[in-house]
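Below you'll find the structure, written out as structure tokens, and then a few comments.
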Amino acid sequence: MAAVAATAAAKGNGGGGGRAGAGDASGTRKKKGPGPLATAYLVIYNVVMTAGWLVIAVGLVRAYLAKGSYHSLYYSIEKPLKFFQTGALLEILHCAIGIVPSSVVLTSFQVMSRVFLIWAVTHSVKEVQSEDSVLLFVIAWTITEIIRYSFYTFSLLNHLPYLIKWARYTLFIVLYPMGVSGELLTIYAALPFVRQAGLYSISLPNKYNFSFDYYAFLILIMISYIPIFPQLYFHMIHQRRKILSHTEEHKKFE
């Protein structure tokens with residue numbers, strides 16, 4: 001679930017506000033873009049989101065320098081992290097109204113998986129907030145999103161520096177496993193507290209004759225990483241080779 005969003009996914013068409021990773025084809029074929037008004041809005045949106053994740057990055061660095069330790073740095077960036085990650089819900093709307101040519105279903109899945117991890121796990125189970133695993137996925141997300149939103153901004157302006165394109169299609173090699181590891185370890189750390197408190201679980205009997213075990217649900221989410229992670233990771237590796245090699249060939253003909 002959250003694994004798909006760790007590096008902003010491997011499928012989709014990007015387009016400045018939708019979510020796509022090493023699999024978007026913006027480097028290999030041109031598509032009709034949004035109108036002038038929509039483009040202006042998307043540029044502003046992506047600039048704001050880039051700035052937001054830069055604020056998170058600076059907050060992490062400042063907190064580390066002040067404390068001299070990487071433990072419990074989450075508390076120093078908790079509010080901006082929640083705000084800007086939740087703000088990504090707008091990307092679902094971008095796809096729904098057609099200003100970004102990405103799948104509404106895929107984008108919803110990717111965005112909601114991150115929002116779920118932030119609010120339904122990290123926020124709800126406060127005992128895990130001091131875990132190093134939280135910092136692991138926060139750092140991975142932060143670097144990924146700074147690059148991703150910068151990529152979309154420059155793409156919309158038709159002036160994409162090769163360094164940003166290279167970073168987008170290369171750094172996921174480290175950031176994706178790093179983010180996934182942090183997510184899994186955080187969910188795992190939350191399990192005993194969820195079970196003890198019966199968090200978000202619904203027991204029978206009740207008037208709706210319905211039960212839900214949040215503890216088991218989290219375990220299923222962790223299991224879902226097993227088929228999803230390798231498939232997306234190697235797909236992204238393949239797309240990286242295709243897109244960056246196409247860029248190199250294009251440079252030779254210039």
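Note: Cβ is positioned from N, Cα and C throughout, glycine not excepted.
What Swiss-Prot says about this protein:
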type	residues	note
TOPO_DOM	2-41	topological domain 'Cytoplasmic'
MOD_RES	Ala2	N-acetylalanine
REGION	11-33	region 'Disordered'
COMPBIAS	12-21	compositional bias 'Gly residues'
TRANSMEM	42-60	transmembrane segment
TOPO_DOM	61-79	topological domain 'Lumenal'
TRANSMEM	80-97	transmembrane segment
TOPO_DOM	98-107	topological domain 'Cytoplasmic'
TRANSMEM	108-125	transmembrane segment
TOPO_DOM	126-130	topological domain 'Lumenal'
TRANSMEM	131-146	transmembrane segment
TOPO_DOM	147-169	topological domain 'Cytoplasmic'
TRANSMEM	170-187	transmembrane segment
ACT_SITE	Tyr176	active site
ACT_SITE	Glu183	active site
TOPO_DOM	188-217	topological domain 'Lumenal'
REGION	198-214	region 'May be involved in interaction with TECR'
CARBOHYD	Asn209	N-linked glycosylation site
TRANSMEM	218-235	transmembrane segment
TOPO_DOM	236-254	topological domain 'Cytoplasmic'
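In this structure the C-alpha atoms belonging to Asn209 (N-linked glycosylation site) and Glu183 (active site) are separated by 33 Å.
Per-residue confidence over the topological domain 'Cytoplasmic' (98-107) averages out at a pLDDT of 94. Between the transmembrane segment (131-146) and the stretches 42-60, 80-97, 108-125, 218-235, the greatest number of Cβ pairs separated by less than 8 Å involves 42-60. Comparing Glu183 (active site) with Tyr176 (active site), their Cα atoms are 11 Å apart once rounded.
DSSP assignment over the topological domain 'Lumenal' (61-79) gives 13 helix, 0 strand, 6 coil. Packing against the transmembrane segment (42-60) from elsewhere in the chain are residues 15-17, 34, 73, 76-77, 80-81, 83-84, 87-88, 90, 94, 99-100, 135, 138-139, 142-143, 145-146, 149-150, 152-153, 156-157: each is 6 or more residues past its ends and has a CB under 8 Å from a CB in it. In the three-state DSSP scheme, the residue listed as 'N-linked glycosylation site' is classed as coil.
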